[in-house]
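Here the structure is laid out as structure tokens; the discussion comes afterwards.
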Amino acid sequence: MDLNAKQMTSEEFSKLIENQGVMGKSNITFVIGGSLGLSQAVIKRENYKVCFSKMTFPHQLFRIMLLEQVYRAFRIMKNEPYHK
């Protein structure tokens, strides 16, 4: 997660995750940056950047927000209803 990355809708996030599976990637790792961002060592290893918000959130809260968005992404992929 990176403040300078693209912000996306739930549908776009779902498509991003779906495309990773289509490309044969069975594991996705999410890295949540701290208030000072990410180290260069982490940045060099990234494949894609996502920004959820320009606001700062506590890590515990953001982990739940990320989990909810991943859940929502899979609901969208299966064309199942989800709360908007």
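Note that Cβ sites are derived from N, Cα and C of the backbone, with glycine treated the same way.
Noted in Swiss-Prot for the protein shown:
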| type | residues | note |
| --- | --- | --- |
| BINDING | Gly33, Phe52, Ser53, Lys54, Met55, Thr56, Phe57 | S-adenosyl-L-methionine binding site |
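Features as recorded by Swiss-Prot, highlighted on the structure.
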| residue | record | contacts (Cβ under 8 Å, 6+ apart) |
| --- | --- | --- |
| Ser53 | S-adenosyl-L-methionine binding site | Gln7 |
| Lys54 | S-adenosyl-L-methionine binding site | Leu3 |
| Met55 | S-adenosyl-L-methionine binding site | none |
| Thr56 | S-adenosyl-L-methionine binding site | Ser35 |
| Phe57 | S-adenosyl-L-methionine binding site | Met65 |
Requested in this report: Rounding to the nearest whole angstrom, report the longest C-alpha distance spanning Gly33, Phe52, Ser53, Lys54, Met55, Thr56, Phe57, listed for S-adenosyl-L-methionine.
Outcome: 12
Query raised in the report: Hey, what's the Cβ neighbour count for Phe52 (S-adenosyl-L-methionine binding site) at 10 Å?
Result: 18
Report task. For Gly33 (S-adenosyl-L-methionine binding site), list the number of other Cβ atoms lying within 10 Å of its Cβ atom. Result -> 18
